[in-house]
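**Q** Summarising the annotation, TrEMBL assigns active site, proton donor to Glu57. Residues annotated as substrate binding site in TrEMBL: Asn44, Val45, Glu46, Asn47, Ile48, Ser49, Tyr50. Per TrEMBL, the feature Zn(2+) binding site maps to Cys55, Cys88, Cys91. What TrEMBL records for 3-130 is domain 'CMP/dCMP-type deaminase'.
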Amino acid sequence: MDKLTSNMINEAHKVLVNAYAPYSKFSVAACICTDKNNFYTGVNVENISYGLTTCAEVSAICNMVTAGERKIKSIVVLAANNLLCSPCGACRQRIHEFSSSDTMVHLCNKETIFHSITINELLPLAFDFNP
């Protein structure tokens, strides 16, 4: 594992304790590295009305955009348990919105990287509007 990815996993671990998952008990954290090498983290925030839940990836993307950045170089998605946590379809599309074809998505648990894949491999037919 390269140093950048290791640092991203460490940053995700730091915020994982802030996840709010009282219903599913499935805590997730994400860490984005931008093209400027800045890190932005986020956690999942559940709601009793599940449709209002915010995924960790969305939290991290919102933090990145709020800070004025727009380009994801790589993202770590970290599950608090030993399961593989792959972004849901909506998160895949949101990641794609701010990515290039070679943006790396690292799917991790507490111990290790399960899988590293580009966003285009994860979402090969992403919606894209080019008038």
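From the backbone N, Cα and C atoms, a Cβ is placed for every residue, glycine too.
Automated prediction, rather than curation, is the source of TrEMBL annotations.
Since the structure is predicted, the reported quantities are computational estimates derived from the model, not experimental observations.
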**Q** CA-CA, which of the binding-site residues Glu46, Asn47, Ser49, Cys88 lies nearest the residue listed as 'active site, proton donor'?
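**A** Its closest listed neighbour, by Cα, is Cys88.
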**Q** Long-range neighbours only, meaning 6 or more apart in sequence with Cβ under 8 Å: which ones does Tyr50 (substrate binding site) have?
**A** Tyr23
**Q** Of the binding-site residues Cys55, Cys88, Cys91, which one sits closest to Ser49 (substrate binding site) when you measure Cα to Cα?
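**A** Given the candidates Cys55, Cys88, Cys91, the nearest one is Cys55.
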**Q** Can you check how the pLDDT averages out over the domain 'CMP/dCMP-type deaminase' (3-130)?
**A** 95
**Q** Taking Asn44, Asn47, Ser49 as the binding-site residues to compare, which has the smallest set of other Cβ atoms within 10 Å?
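**A** Taking Asn44, Asn47, Ser49 as the binding-site residues, the minimal 10 Å Cβ count falls on Ser49.
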**Q** Which chain-mates of Cys91 (Zn(2+) binding site) that are at least 6 residues away have a CB under 8 A from its CB, listed by sequence?
**A** Cys55, Glu57, Val58
**Q** Tell me which of the binding-site residues Asn44, Val45, Glu46 ends up closest to Cys88 (Zn(2+) binding site) in space, Cα to Cα.
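**A** Checking each of Asn44, Val45, Glu46 against Cys88 (Zn(2+) binding site), the shortest Cα distance is to Asn44.
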**Q** Can you give me the residues near the recorded Zn(2+) site, meaning same chain, not Cys55, Cys88, Cys91 themselves, Cβ no more than 8 Å from the center of the site's Cβ atoms?
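**A** Same chain, not in Cys55, Cys88, Cys91, Cβ within 8 Å: Ala56, Glu57, Val58, Pro87, Gly89, Ala90, Arg92, Arg94.
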**Q** Using all protein chains shown, find which of the binding-site residues Cys55, Cys88 scores highest when you count other CB atoms within 10 A of its CB.
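**A** Highest number of other Cβ atoms within 10 Å: Cys55.
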